Amino acid sequence: MSRHSNTPATDASVLLVQLSDSHLFAEDGARLLGMDTAHSLEKVVERVAREQPRIDLILATGDVSQDGSLDSYTRFRRLSAPLAAPLRWFAGNHDEREPMQRATEGSDLLEQIVDVGNWRVVLLDSSIPGAVPGYLEDDQLDLLRRAIDSAGERFLLVSFHHHPVPIGSDWMDPIGLRNPQALFDLLAPYPQLRCLLWGHIHQEFDRQRGPLRLLASPSTCVQFAPGSSDFTLDRLAPGYRWLRLHDDGRLETGISRVDDVVFEVDYDTAGY
């Protein structure tokens, strides 16, 4: 069953921050492809705190954990706490639902519908336990339909982990959302739908599909090279996406990356 809350906006617009694909571990100093993922998240959070003094909602868009441990999820909560803003998260293909739920107890972290300002944010679980690609099950599509139908005059942003459109990377496109047409068919009659936001691809993505803005964010750790045929790491730094959602339905967004730290990365790795 989905939960639903109203989060007061700070002014006539809404400021969201997307933190994606942090790939945290239980152990201090653990590394993914040579990068200390807790250290990189900490530096991204420090940058967010400097650049975004008032945040209405933080979205952690999947792959919060690399090892699926309870400690990795509590680590994320601890490292993101300095931002002092409402946080919601959902699972990616590397996450484990049971520890993620345990880390959520006593909070609204897994809440799937959040009304903030003149917008409704709907968060869906596209993960398939034990698999890399994604799929939106009927219960998630039904939740989305109900959320849209009950949104009134609000504009909508919908977020999940897996990419619903090709991104031009031969190795990544087969591991995106397996049933994107079901999603787009559901969304087609609703002009108040303004944005789809996802993670998974570890790179910036910004396209338009009719009235829909299609957006993805860099990872807070390692980056994947756009347009690559095989697994390839990019040399861009970790970062985050900010989104300003205006009451009239306009959306402004941008990417910011850590530019004052040199991170150690194993660029010769052929996968993970």
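Each Cβ is built from the backbone N, Cα and C atoms, and glycine gets one as well.
Residues or ranges marked as Fe cation 1 binding site by Swiss-Prot on the basis of similarity to another entry: Asp21, His23, Asp63, His202. Over all protein chains present, the Cβ of Asp21 (Fe cation 1 binding site) has 30 other Cβ atoms lying within 10 Å.
Sequence-distant neighbours of Asn93 (AMP binding site) (same chain, 6+ residues apart, CB-CB distance under 8 A): Gly62, Asp63, Ser127, Ile128, Ala131, Val132, Pro133, Gly134, His161, His162, Ile175, His200. Annotated AMP binding site per Swiss-Prot: His23, Asp63, Asn93, His94, His202, in sequence order, evidence recorded as similarity to another entry.
Taken from Swiss-Prot, the feature Fe cation 2 binding site applies to Asp63, Asn93, His161, His200, supported by similarity to another entry. In the three-state DSSP scheme, Asp63 (Fe cation 1 binding site) falls into the coil class.
Listed in sequence order, the binding-site residues from Asp21, His23, His202 having a Cα within 10 Å of the Cα of His94 (AMP binding site) are Asp21, His23. Listed in chain order, the extra residues whose Cβ falls within 8 Å of the Cβ center of the AMP site residues His23, Asp63, Asn93, His94, His202 are Asp21, Gly62, Gln66, Gly92, Asp95, Gly199, His200, Ser219.
Neighbouring residues of the recorded Fe cation 2 site, listed in sequence order and excluding Asp63, Asn93, His161, His200, comprise Asp21, Thr61, Gly62, Ala91, Gly92, His94, Asp95, Ser126, Ser127, Gly134, His162, Gly199 (Cβ within 8 Å of the Cβ centroid). In sequence order, Ser20, Ser22, Gly62, Gln66, Gly92, His94, Gly199, His200, Ser219, Thr220, Cys221, Val222 are the same-chain residues whose CB sits within 8 A of the CB centroid of Asp21, His23, Asp63, His202, the residues recorded for Fe cation 1 being left out.
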